[in-house]
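Some notes on the structure that comes next.
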Amino acid sequence: MQPFSIPVQITLQGGRRRQGRTALPASGISNGDPLKVHPKLPSSAGEDRATLLGIAMMASSVLMFFLLGTTVLKPFMLSSPREESNCTTVHTHIADDWLDFAFTCEGSCQGQGTYPCLQVFVNLSHSGQKVLLHYDEEAIRTNPKCFYTPKCHGDRDHLLNSALDIKEFFDHNNGTFPCFYSPDGPLGVVLRKSGHKVVFHCLFWPLLTLLGGALIVGLVRLTQHLSFQCEKYRAVVRA
């Protein structure tokens, strides 16, 4: 009685078939002609990570272009051009009623909060009109009735002290100071104008990230190409 004769024969036959399949590439002959083998060097794990890093940097730069273009560049380009003039402080006032605002900065400052509304009235030397002064164009878009809007709500006493410090500064500054107004109307007089620095920062950093990612991917491809050429040269020398 031979219970294991059939499996042994199957195993031997399978082994002969595998030997026959592996013997063909090893012989290097197909229809009498030698096989042309094109070696393909596998990329290392470090090269794969570097390539992924470069692609991620390029993708993030495109996202930065989109976000900065819609949130900063678009309002800046659509805003009317401003001309420089001189302003003289007439009087300052802190409204009795605090205003509600949704603070969106990071950390514990997120959420709803209130802040004191500081109003600074100045005399515009260009037209002689009494107008409301704002810190910058963002303050006009956020709340055109106040000089500025705090970035974070923080402590109530801290917000009030900050508003009082700014009020005291304008009360003691009786001279004239430069300001910027819109020729379209007396509204929207700002203390600080957003200039070409905004455009520079919105374009420079995403472009730098894009070029850095492309440089990393290009260096990885160049390294792989040089390695492949080196292996071909070594194969020719050994032959």
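Glycine is treated like the rest: Cβ placed from N, Cα and C.
As recorded in Swiss-Prot:
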type	residues	note
CARBOHYD	Asn86	N-linked glycosylation site
CARBOHYD	Asn123	N-linked glycosylation site
CARBOHYD	Asn174	N-linked glycosylation site
REGION	15-38	region 'Disordered'
TOPO_DOM	1-51	topological domain 'Cytoplasmic'
TOPO_DOM	73-197	topological domain 'Extracellular'
TOPO_DOM	219-239	topological domain 'Cytoplasmic'
TRANSMEM	52-72	transmembrane segment
TRANSMEM	198-218	transmembrane segment
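Note: the CA-CA distance between Asn86 (N-linked glycosylation site) and Asn123 (N-linked glycosylation site) rounds to 8 Å.
Among the glycosylation sites Asn86, Asn123, Asn174, the residue whose Cβ has the fewest other Cβ atoms within 10 Å is Asn174.
Counting only the Cα atoms, the space from Asn174 (N-linked glycosylation site) to Asn123 (N-linked glycosylation site) is about 11 angstrom.
Residue counts for the topological domain 'Extracellular' (73-197) under DSSP (helix as H, G, I; strand as E, B; rest coil) come to 34 helix, 48 strand, 43 coil.
Across the topological domain 'Cytoplasmic' (219-239), DSSP classifies residues as 20 helix, 0 strand, 1 coil.
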